[in-house]
Structures are given as C-alpha cells and as structure tokens.
Amino acid sequence: MTMASLVRRKAYHHLLAARNSHAPVNFFSRGFASAGSDDNDVVVIGGGPGGYVAAIKAAQLGLKTTCIEKRGTLGGTCLNVGCIPSKALLHSTHMFHEAQHSYANHGVKFSSVGIDLAAMMAQKDKANKVNYFKGYGKFVSPSEVSVDTIDGGHATVKGKNIIVATGSDVKSLPGITIDEKKIVSSTGALALSEIPKKLVVIGAGYIGLEMGSVWNRLGSEVTVVEFAPDIVPSMDGEVRKQFQRSLEKQKIKFMLKTKVVGVDTSGDGVKLTIEPASGGEQTTLQADVVLVSAGRIPFTAGLDLDKIGVETDKRGRILVDDRFQTNVSGVYAIGDVIPGPMLAHKAEEDGVACVEFIAGKHGHVDYDKVPGVVYTHPEVASVGKTEEQIKALGISYRVGKFPFLANSRAKAIDDAEGLVKILADKETDKVLGVHIMAPNAGELIHEATIALTYDAASEDIARVCHAHPTMSEALKEAAMATYDKPIHI
Ligand SMILES: Cc1cc2nc3c(=O)[nH]c(=O)nc-3n(C[C@H](O)[C@H](O)[C@H](O)COP(=O)(O)OP(=O)(O)OC[C@H]3O[C@@H](n4cnc5c(N)ncnc54)[C@H](O)[C@@H]3O)c2cc1C
C-alpha cells in the first residue's frame with residue numbers, strides 16, 4: 001500500500017468513527033438562539049454554488065454542518081440573479097428569434113409570432129424557486145459566527161472549520177449610479193418590464209453580451225461600449241473576431257476603445273457622454289436603458305474579516321493557500337470571493353476540494369482547466385490556453401481548425417456558423433487549448449476538457465470513434481487537422 005493511500009485510509013476510518021447516523025446539513029434560518037449553536041465540524045457562510053455544494057459534500061462525508069445564507073433563497077448569484085435566469089431568458093428569446101427567422105426554412109409556418117414579456121419573465125422565475133433559509137453571518141472569532149436572522153432574531157453558530165463562500169457583487173463604475181430602472185446591473189437587466197427601444201451595454205464581457213443578446217432578440221437596438229480594444233479579452237483572438245462578426249450580423253453594435261465619461265438621467269431616457277479610450281473628442285449616445293456590466297467584485301461586506309485578521313488582496317479577494325485555508329487557521333474561503341475564474345462550476349469544485357481537505361482527504365482544482373462558456377448564439381466555449389497565451393510563453397505549437405460549415409449535422413440543422421480550433425504542442429502533440437464557436441459549444445467543450453485533464457494529444461482525440469452525424473465530429477476533424485489532415489475538408 002502506498003503512503004498516500006495509507007493516509008487516505010486513516011482519514012477515512014477517522015471519519016467513519018466520527019460520523020453520526022445521518023449527518024444532515026442544517027440550513028440555518030430561525031431566530032432562536034439554540035438552533036445551530038452546538039459545535040459544528042463545518043460552518044459555511046453563503047449558500048451559493050460554492051457554499052451549498054461545500055455544505056452537501058461536508059454532510060456526505062459525515063461532518064456536522066451548518067450553512068448560513070442571508071438572501072432568503074439558496075443558490076446564490078447563480079440560481080437567483082445569474083446563470084440560471086439568464087439562460088432561461090436566452091433560451092426563450094432564442095426560440096422567439098428562431099420562430100421569426102429560421103422555422104420557415106424548415107417548413108414550419110406560423111401566421112404570426114409575438115412576445116408576452118410578462119409570461120417570459122414568469123417562466124424565467126420558475127427556473128429558480130428554492131427553499132427559504134435566511135440569516136446574515138459575521139465573524140466573532142475564527143470559530144464563531146454571529147447570525148442576524150432576517151426575521152429579526154439572533155444566534156451564534158460555532159464550528160471547528162468555517163468556510164467563507166460569500167460570492168461576489170456587481171461592480172459599479174465611478175460617477176454612474178445603478179438605480180435598476182434606467183441604469184441597471186445584470187440583475188435589473190434580467191427583470192425589465194418593457195423592451196427598451198435603445199439599450200446601451202457598458203462592458204463587452206460575457207454577461208454584457210449574453211444580456212445584450214436577450215434584448216437584441218426582443219427588438220432592442222443594442223450598442224455595446226467597451227474601453228478595451230476587444231470584446232471578451234480572455235477569448236482566443238481569432239475566435240473572438242469571428243464571434244464579434246457574428247454578433248454584428250445579429251445587429252449588435254460595438255464601440256470599442258471607448259469610455260463613458262458622463263451620464264445624464266434627467267430627461268426621459270439616459271444621455272451618455274463618451275470619448276475615445278485614449279482621450280479626444282466627446283460625443284453623446286442616447287439610450288432608454290443602460291446596462292452596467294463592467295465585472296464583479298468579491299463580496300465580504302459585514303463579515304468582519306478584519307476582526308479575526310483574514311488577509312485580502314488589493315481587489316478585496318480573500319487570500320487562500322492550495323488547501324483553500326486563509327492565513328487564519330480553521331478559516332477557509334472558496335468561489336467568487338477568492339482569486340480565480342468567477343464561475344459557478346469553479347465555485348462548486350472549490351467547495352468539494354475544500355471540504356475534502358478539511359476531512360483529511362485530497363482535493364484538487366486546476367484553474368487552467370476550467371471551461372468558460374458564453375451562452376449567446378452561437379455559443380463560444382474554451383478550455384486551456386489561447387493562441388496569444390501560448391505565443392507569449394514561447395511554446396512551439398500547431399493549430400488544427402475545422403469549420404461547422406463542413407460538419408454534416410450542423411448543415412442538416414441549418415446552424416453551421418462557427419469552428420473548432422485546437423492548439424497542441426508541436427513536439428509532443430499535447431493539447432494546450434481548445435476553442436469552439438458553435439450552437440452547443442458549451443456541451444461540446446467537455447470532451448476537450450477531459451482531453452486536457454488527461455494530458456491527451458490531439459491524435460488521441462482524433463482516434464476516438466465519434467458518432468455520426470454529430471457536432472462532436474468537428475472536434476475529431478479539428479484534432480486530425482492539428483497533427484495531419486481532416487477528412488471532410
Ligand atoms: C448575470 C450573470 C450570469 C452568470 N452566468 C454564469 C454562467 O452561465 N455560468 C457560470 O459558471 N457562472 C455564471 N455567473 C457567475 C456565477 O453566478 C458565480 O460565479 C457564482 O454564483 C459564484 O458562486 P459563489 O458560491 O462563490 O457565490 P454566490 O453565488 O455569489 O453566492 C454567495 C452567497 O452568499 C450569501 N452571503 C454573502 N454574504 C453573506 C453573509 N455575511 N451571511 C450569509 N450569507 C451571505 C449571498 O447572499 C449569496 O447567496 C453569472 C453571473 C451573473 C451575474
């Protein structure tokens with residue numbers, strides 16, 4: 001038996017001994033002082049995808065666990081005002097767009113197609129109903145959290161280990177006040193009661209582009225203003241160019257290298273004053289609604305981190321080691337509140353790994369292999385390095401590409417915009433990065449993620465038998481193109 005498995009066995013037996021019969025997660029909501037005040041093995045502050053997953057995993061491992069959530073619903077940003085409602089609206093508006101522009105090509109005819117915005121919003125809200133558990137946690141000591149419950153009560157929750165999973169919040173811009181009516185954050189953009197005639201989106205990141213797509217499909221004239229020279233800066237440059245062209249074909253306008261220097265809400269709509277990013281002549285831009293989508297910031301307000309001496313960086317993110325422990329023993333942090341990609345699935349992975357460490361097991365999250373997806377149409381998904389990053393590292397590489405125009409399934413469904421691009425090490429053929437623009441790129445990317453995780457070569461992907469006709473065949477063909485030649489082009 002190896003040393004590592006011996007250590008794992010020991011930890012496992014220790015856990016079994018400590019296990020109580022059901023080890024339930026106590027989602028803390030009540031105002032009476034006794035609830036949850038017994039010593040816990042794990043206390044989780046925040047019930048988002050990081051926090052609730054950590055709590056469930058801890059309970060599964062037999063640890064006595066309490067989760068505190070101030071919002072009133074579990075699921076955090078993701079389930080309440082993020083991933084899920086935005087994807088519900090993206091799906092509804094995509095159906096509307098398809099009905100208007102594509103169904104007739106497939107021989108499906110309607111006499112008229114209309115929008116019932118209230119019904120669309122109601123369908124979105126149905127996607128995120130969860131139980132109510134309410135309370136605002138703050139540190140009293142590294143092993144004690146005081147909770148102000150939403151129903152006016154108060155309690156103290158003790159834990160041997162405390163995990164901070166308090167997530168992130170919208171980043172505002174200097175001089176711009178978000179009122180969630182005329183000037184909205186993503187939260188307001190998910191709940192507009194009327195379709196704005198003109199929508200200006202400040203920030204060309206994935207959230208801005210997804211929300212811009214939603215309202216563009218419903219008939220808004222959408223202009224995206226971005227300070228940087230490119231949209232979605234983390235995206236592979238070549239894919240990004242095609243993606244921008246695709247969005248422009250959908251009539252989304254882009255004003256890149258442009259900054260907003262003034263906002264006037266005194267009239268009917270909003271008057272924005274803009275100028276080139278490098279300075280120069282000012283012009284104005286009129287909008288009915290402005291979406292501020294300039295990123296998100298870690299949320300630690302009211303936690304009293306300074307009281308127990310937890311270190312944060314300049315951007316307010318909690319600093320952790322590779323076991324998710326802060327500089328204060330027994331206090332951990334995961335998800336959007338620590339450095340790394342601000343994504344729900346990354347927060348979940350953090351949660352599981354953190355609890356595994358607490359339980360004496362071995363967790364692991366590789367931030368270089370976290371897939372990212374923009375859920376527009378087409379979607380753009382990527383994992384690993386971009387061509388620009390590989391060049392900057394001085395690695396010699398090969399590129400294999402395959403367009404969906406040459407993929408039989410994409411042609412059959414008349415949705416063939418996009419490509420697969422694979423980057424592999426020139427000497428070893430090891431896959432370094434995969435970038436996909438396609439209608440369902442967010443599903444296709446996982447084959448590539450597995451390849452990267454197992455250090456596969458592009459030839460390994462190419463030699464796997466892929467079902468026909470599927471979009472996945474484009475990945476196989478791009479892999480063939482990386483070290484040799486594709487068949488169907
Ligand atoms: C519009 C939008 C779309 C998005 N789409 C995607 C997507 O498609 N895919 C994706 O992967 N990610 C997406 N994200 C990002 C994703 O939502 C976050 O990365 C994810 O929710 C982070 O999880 P978390 O658990 O770290 O934090 P959060 O989800 O922010 O949860 C933290 C929770 O902690 C609670 N809390 C905070 N402080 C306290 C306290 N002191 N006491 C008690 N409770 C507290 C908060 O109320 C909150 O519920 C999107 C975000 C937005 C805004």
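Cβ coordinates come from backbone N, Cα and C, glycine included.
Residues or ranges marked as domain 'FAD/NAD(P)-binding' in TrEMBL: 41-351. Residues annotated as disulfide bond in TrEMBL: CYS78-CYS83. Sequence annotations record features per position, and here TrEMBL assigns FAD binding site to LYS87, GLY137, THR166, GLY167, SER168, ASP336, MET342, LEU343, ALA344, HIS345. Annotation comment: TrEMBL describes GLY203, ALA204, GLY205, TYR206, ILE207, GLY208, LEU209, GLU210, GLU226, GLY295 as NAD(+) binding site. For 370-479, the entry in TrEMBL reads domain 'Pyridine nucleotide-disulphide oxidoreductase dimerisation'. Residues or ranges marked as active site, proton acceptor in TrEMBL: HIS468.
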Which residue, of the binding-site residues THR166, SER168, has its CB surrounded by the fewest other CB atoms within 10 A? SER168
How long is the line from the C-alpha of GLY205 (NAD(+) binding site) to the C-alpha of THR166 (FAD binding site), rounded to the nearest angstrom? 22
Count of other CB atoms lying within 10 Å of the CB belonging to GLY205 (NAD(+) binding site): 20
If you measure between the CA atoms of GLU226 (NAD(+) binding site) and CYS78 (disulfide bond) and round to the nearest Å, you get 24
8 Å Cβ shell about GLY203, ALA204, GLY205, TYR206, ILE207, GLY208, LEU209, GLU210, GLU226, GLY295 centroid, NAD(+) site members excluded: VAL201, GLY212, VAL224, ILE231, VAL232, SER293
Using a 6 Å cut-off on Cβ distance, which of the binding-site residues SER168, GLY205, ILE207 come close to any atom of ligand 1? SER168, ILE207
Can you give the largest Cα to Cα distance in Å, as a whole number, for the residues LYS87, GLY137, THR166, GLY167, SER168, ASP336, MET342, LEU343, ALA344, HIS345 that bind FAD in the record? 30
When the Cα-Cα distance from MET342 (FAD binding site) is computed for each of the recorded positions CYS83, GLY203, LEU209, HIS468, which gives the smallest value? CYS83
Secondary structure content of the domain 'Pyridine nucleotide-disulphide oxidoreductase dimerisation' (370-479), with strand meaning DSSP E or B: 39 helix, 33 strand, 38 coil
